[in-house]
Amino acid sequence: MDVGQMQKRLLDYMNSLLKEGILDSQFAQLQQLQDESNPDFVAEVVNLFFTDSENLINDLSNALGQQNVDFKKVDSCVHQLKGSSASIGAQRLKNTCISFRKFCDEQNLQACLMCLQEMQQEYLLLRSKLDVLLQVEKQIVAAGGSIPIMEF
Amino acid sequence: MMESCNCIEPQWPADELLMKYQYISDFFIALAYFSIPLELIYFVKKSAVFPYRWVLVQFGAFIVLCGATHLINLWTFSMHSRTVEVVMTSAKVLTAAVSCVTALMLVHIIPDLLSVKTRELFLKNKAAELDREMGLIRTQEETGRHVRMLTHEIRSTLDRHTILKTTLVELGRTLALEECALWMPTRTGLELQLSYTLHQQNPVGYTVPIHLPVINQVFSSNRAVKISPNSPVARIRPLAGKYMPGEVVAVRVPLLHLSNFQINDWPELSTKRYALMVLMLPSDSARQWHVHELELVEVVADQVAVALSHAAILEESMRARDLLMEQNVALDLARREAETAIRARNDFLAVMNHEMRTPMHAIIALSSLLQETELTPEQRLMVETIMKSSNLLATLINDVLDLSRLEDGSLQLDDETFNLHALFREVLNLIKPVASVKKLHLTLNLAPDLPEVAVGDEKRLMQIILNIVGNAVKFSKGGTISITSFVAKAEYLRDAKTPEFFPVPSDTHFYLRVQVKDSGSGISPQDLPKLFTKFAQNQARLAARSSSGSGLGLAICKRFVNLMDGYIWIESEGLGKGCTATFIVKLGIPEQLKESKFLVLPKVPGNHVHANLAGLKVLVMDDNSVSRAVTKGLLLHLGCDVTTVSSSSECLHAVSEEQKVVFMDICLPGMDGYEVAVQIRERFAKRHERPLIVALTGHVDKMTKENCMRVGMDGVILKPVSLDKMRTVLSDLLKHRVSFEAI
């Protein structure tokens, strides 16, 4: 596959992610920030995000698994995750966090647990998609092409 | 004695005396007989016309011969010769012959001569007859001339009085009348009043009831009717002891009024009013009314009627014209008064605008300053109430002034490029706090093809949306409020609700359609039309509302929408069933709008640096690693020198004079960004040494903004930050040392 085709494939992929709401314009912003002085910016941020999120989700599971659930803690975790998602442009995950926070306010344990499950699913989905994306980008770069930037 | 002379002896013995007489008579006879033909010839020669010349000759011959006979007879009285006897005999024979022929001839001629005479008589009679007829025609022509002249006189004036007077005068003159009078019906129509007479100057109000038989008789026919000189209408002058009053004739004069004439409808006879004209011949004159005179009178009566109706029409039109002039004057006055009133109102508004706002601002400003000082709780409560009330008052004043300017037509919409998506997001953010307090769920749905940027009056569009969404929130106690927004296509535009509204999108404009649906208290069908009326409050919603309003909101919205060439309407299924407010407005498309959404841009070469951002030292405080990394990347991309910290203590530690800008995340609980800001401010007393502090936050509302301002922050940015926004914010900061427009 030549560079042009790969670039097109990347664009299509991004479009689909956009349409599904998995990613939003913030991600494109991140891509814009990648340049010669900062060639791996996107990958770095994404990896950072993955690490952070996994920790947070683990913390959440723990917190919700307790006898007396500390909703304040849960809330702060979710808040963090929301912030991260927003920064990276993970729209669906961010929305899930927003709903999660609401249930936290109401101290609705059942709903929180359901949200947590949803959150995990979203996270896994996002992770797989982003992996693919990064792969393709690496391939393009290896083939000597430039990563096309999306304009939202 | 037998003599041999051939003499002839007369028969009878010669009696001398008798013979002498015979002799003389014969002589005279002969003379007469000879002279007659001479006379005949002489006179015939003189006259040109005589048809029977040869008869004359014959007759002449006869007479001459008779004369000759008698002449010759003269010689026979004495002894005469035979020759004489022969001549005598031949003369007698000839005479006899001619006489017989003449006698025979006369039988033929005399009847002819007689008939000539008859014809002459006949022609004479004819001539006499023609003379008579000529006399008649002349009289008629004379009459006609009089009528024409009279008509001309009558019609040459449009003054009623003159018409009637002239009629009487002319009639009197033409017909040589003794008296002429006109009786007009009174206003009540029950009597006839003597209005005009020929000889009496001022007839005193002499009236006669209208239903007299003689009057009815005259009114029922359009001919001139002879009436008795003793009837009440004819007895208008004192009887001057004459023997025989002259004959009197009366005729009706129709009085026509404009009201009698309908279009396509002729007046009925029963509604006509008549006047009565009475004409009297001179008394003791033995004159009689002739037919042609009666005809003259009838014709005149008709003409008078026509002239009177013309005069009536003229009066009407003069009156109408006067009325119009009066109305014109009145209207002019009213218009000038209205103009004065409008000017006065505008002056009042202009003054009030300034005069009312100044104290208002003073109150608001001072109250907010007061809020920042040390206050006891009661005092704080009081000050808050003052602020709330004065804000409300300020809004009210603005609304009223706006509305009056809108109605004036003096309001101009702004025309700038603005971010449409951002506008909606901001509305959402502004409403969210209130909505969440009321447990309302807000959803915003922007269509994918909605342009991000549009040209129009951003502030007023926001006002419209806020007003509508605010109403939805105000009147709902729970449930969902959904805001949908999309570009109105032509098919959607032909709505049953908006039959008179046909917007046409073009290359430079598009129509934005926004729909706000709530599940609140709804509106009853009879209240729907009044919604956009100024100051009219919906009763049900009045009961439901917890906050006060002036009732002007929707009215203003509608006017703004109209100014934007749009249309706004509200539907509701009824009380308790919620309601849907929809509006369509026209917005411009900015020229730089690109068609395709996804573009492959070449990678930005090198650092995309704003001139004065290069090497700018900034500090980023954020405990979320991902967002910290993103913000750092952003600032690095802009060419700044970035230091990052993840806690307030680290921040306070790291901050120094070198940092020009500090970005801190304030939306994390347990991390008091405000506290940090306050401390930084305290540390750097002098303004120019102090770094600029910008808050990064995930949601912005008035409260946050106010808090930031209160602690002395220089800017607030909404996360997530785009590259352009960051660039703009930094430029603003460095230029103005403040950036609160980023919200």
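Yeah, the Cβs are placed from backbone N, Cα and C, and that goes for glycine too.
Automatic prediction, not curation, is the source of TrEMBL annotations.
Lifted from TrEMBL, the feature list:
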BINDING   B:C66, B:H70  Cu cation binding site
BINDING   B:N471, B:A472, B:V473, B:K474, B:D518, B:K534, B:S550, B:L554  ADP binding site
CROSSLNK  B:K719  ubiquitin cross-link
DOMAIN    B:351-591  domain 'Histidine kinase'
DOMAIN    B:617-734  domain 'Response regulatory'
MOD_RES   B:D665  4-aspartylphosphate
TRANSMEM  B:21-42  transmembrane segment
TRANSMEM  B:54-73  transmembrane segment
TRANSMEM  B:93-114  transmembrane segment
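DSSP gives B:K719 (ubiquitin cross-link) a coil state; it is part of no helix or strand. For B:C66 (Cu cation binding site), the spatially nearest entry among the binding-site residues B:A472, B:V473, B:K474, B:D518, B:L554 is B:L554, judged by CA separation. Look at the domain 'Response regulatory' (B:617-734): DSSP puts its residues at 53 helix, 25 strand, 40 coil. If you measure from the Cα atom of B:A472 (ADP binding site) to that of the residue listed as 'ubiquitin cross-link', you get 28 Å. Ranked by CA distance from B:D518 (ADP binding site), the recorded positions B:H70, B:D665, B:K719 have B:K719 at the top as the closest.
In space, B:V473 is the closest of the binding-site residues B:H70, B:N471, B:V473, B:K474, B:L554 to the residue listed as 'ubiquitin cross-link', judged by Cα positions. Confidence in the domain 'Response regulatory' (B:617-734), given as mean pLDDT, stands at 79. Taking each Cβ in turn and tallying the other Cβ atoms within 10 Å, the top scorer among the recorded positions B:D518, B:D665 is B:D518. In this entry, B:K719 stand out among the recorded positions B:C66, B:H70, B:A472, B:K474, B:K719 as having a C-beta under 8 A from a C-beta of chain A. Secondary structure from DSSP puts B:D518 (ADP binding site) in a beta strand.
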